[in-house]
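Here is the structure we will look at, set down as structure tokens.
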Amino acid sequence: DGCGHTLLGPESGTLASINYPQTSPNSTVCEWEIRVRPGQRVQLRFGDFDIDDSDSCHSSYLRVHNGIGPTRTEIGKYCGFGFQMDGLITSKSNEVTVQFMSGTHTSGRGFLAAYSTTDKSDLITCLDNASHFSEPEFNKYCPAGCVIPFADISGTIPHGYRDSSSLCMAGVHAGVVSNTLGGQINVVISKGIPYYEGSLANNVTSKVGPLSTSLFTFKTSGCYGTLGMESGAIPDSQITASSILEWSDQTGQVNVWKPENARLKRVGPPWAAFISDEHQWLQIDLNKEKRVTGIITTGSTLAEYYYYVSAYRILYSDDAQKWTAYREPGVDKDKVFQGNTELYQEVRNNFIPPILARFFRINPLKWHQKIAMKVELLGCQFSIGRAPKITMMPPPPQNKNDDLSDDFIHSVKTSLQTDKTTFTPEIKNTTVTPSVTKDVALTAVLVPVLVMVFTTLILILVCAWHWRNRKKKSEGTYDLPYWDRAGWWKGMKQFLPTKSAEHEETPVRYSSSEIGHLRPREVPTMLQTESAEYAQPLVGGLVGTLHQRSTFKPEEGKEASYADLDPYNSPIQEVYHAYAEPLPITGPEYATPIIMDMSSHPSTPLGVPSISTFKAAGNQAPPPVGTYNKLLSRTDSAASAQALYDTPKGQPGPGAAAELVYQVPQSVAHSTASKDE
């Protein structure tokens, strides 16, 4: 008489002392015999242990044995208040005996334990909740029998369960594991929500819960989409029933509650049977075999007609001729599903394992006033496997609804007692997907958006890289930065003449005799750069160091260069002056040579000697015509001519007068006019 909540499954189970979690009565005893498959061993884990140890485990204790019967051997004897037993107790064979003895005591809750085969290394008990684990995602094995009347859960799928809910009990409610068999759960922890809804599912009542810091959901296969009753994908012709309720109301209007009315959330009356007995059924043809994982039902949803089905069976077939009643594995009785407790609430039941079939029948076993309901099936398509054919449908009972067999009434009572569960165990994120179509729609939106975002980011990076390379390429190592060039140009433009694009001026060559008249000056080191935009060639005459800007325009087409010049020791050579220096401030100003490409003036005769227009310094006579005043010139034209210079009036020579009058060079007027234009 000391046995409490007990469910011994083929691979796992749960057992507790009488009155747990209240104080167990005095002088009670209970003994459990546990058997698993041959070749397996049993492991035992305690979720709570609180047994009086005032007499050193003499009258109150828990004893575990290897084996069953007279040949069993003791593994251990345990007692103590709040005794912590973190490890597992493992047997040496596939059989274990657990014996609980309660003597005279005043306190002590007793114990609650779970067992499984030793291959389930991650076994937990029905009392474990999400706060016991620090990982954001983890896998655990839930034993059978975790639908316990002294535990509560808050929340539902797909929103999640409050963190105070029992993991295993929430797993049963979500349809992830079976209360009869137990099973593996994959838990995901996430941030809590302000409000948790309540619902009835799989004989477990989830209560409304307040705000919590975290919640949990379960990862599943995702085969929980609606199969077409609500949406209309299943046509009316594929929904049939054993009978149809039809009557006339007080106004004389005929009301027909046809099978096609049995669509979940459809406004209006439901399907109702003409006769309310256990022989009635509602049949749904899915048009082809599908994987069905659950069912949702409601009552009439009409306040004036308080009708609903509170218990039913499920039968399935491939040809609508031979029907199989759904049973859980290892159970030799048809499974009775808990239905509605009122006419509005949606109640869900899951099939573990799923049903693979084309035709489904719902066979009401208990109802309120009349058989009336609305339905939706959950599941998905499948490609491998067949439906588990468990047993043929037995002949329906011939007695009336009130005369059901004792066994059947007992099974129905057992399935209905679980809506009295009031304790909220800890559970976190259940990811059972209620609708495959919603997931498909979400995926169809997210995938294109993500592709567009990534494409945009890649284009931005490529454009930035390309712009950076172009910027580096346009700015040399020694160039001014791009942002400084415009300002520098505007500042220098006012000092520099406009570049002529009509003719390229020819650089001037000086002979060594002319170089001798030059005063030595410092020449900078050669720079391999492009010629300055507005530099002018240096012309003969006395050159001094000045500090004013030159406005001469440089020659174009050939790179300028410097040469280190020693006017006394260097051999006679031609020197090209890349840049002109300004004329001396204190010295007299002299006319600069005018370099002209005579190829553009055909009227000028060829072979005329070049004549210098330089004025001699002081009283010194200008150098004689010939070797010393001859200026060399170059032109780009193949028929180029030498630049012509006029000679001073009179006979030039060493004995000439100190001051000479010079004529204006020929063709200057024409050139000047063209330039002014």
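Note: Cβ is positioned from N, Cα and C throughout, glycine not excepted.
Remember, it's a predicted structure, so these values are computed and weren't measured experimentally.
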Could you tell me which of CYS3, CYS57 is bonded to CYS30 by a disulfide, according to TrEMBL?
CYS3
Taking every protein chain shown into account, which of the disulfide-bonded residues CYS3, CYS30 has the largest tally of Cβ atoms within 10 Å of its Cβ?
CYS30
I'd like to know the mean pLDDT over the domain 'CUB' (3-118).
91
Counting by DSSP secondary structure, give me helix, strand and coil numbers for the domain 'LCCL' (120-216).
11 helix, 39 strand, 47 coil
